[in-house]
C-alpha cells in the first residue's frame, strides 16, 4: 500500500514499510560550546537568561570566546541597532552586545593582554553597567559599575 503526501505543491509517494527517522535533542548532555551554539536556540531562551553573568563567565573561561549570540556594536548597528533607542531586542532578538576591544585606558587591568568586553545581565532596552572583560586566554573580569572597578573571576 502506498500513501501520498502533498507538501508545498509537490507530491511524494512513500511506502509504508520504510522506516521513520527521528532525532532526539538533549541540551543537558551537550558540551558547553554546543549548548550555546545550536543555531537559533538563543531566540528560544530569554536574553536575560543567556546573559546571566555566571553562565557567560563559565562559557568564556572554558571556550576562550563568547557564545555565538553575542554581536559587536558595529555589527549590531549595521543591522539596525540604535543604542539611544535601546532597540536591540526588537531589531536583533536573541542577541547581546559583546566582542568589541576594551582599551584598558585607565590601567585598572594588568598590562600586556588584549581585552574584549561583553554585556552581562542584559534585560533588553538600554544597556546596563554590568560587563565582563576577557582575554583570548580565558581570563575574565567582572564590572558592575561600568569599568570603575573589576573582580577577577
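Cβ atoms here come from the backbone N, Cα and C positions, even for glycine.
Per TrEMBL, the features are:
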- 117: active site, proton acceptor (ACT_SITE)
- 146: active site, proton donor (ACT_SITE)
Calculate the distance in Å between the alpha carbons (Cα) of residue 146 (active site, proton donor) and residue 117 (active site, proton acceptor), and round it to a whole number.
-> 11
Give the three-state DSSP assignment (helix, strand or coil) for residue 117 (active site, proton acceptor).
-> strand
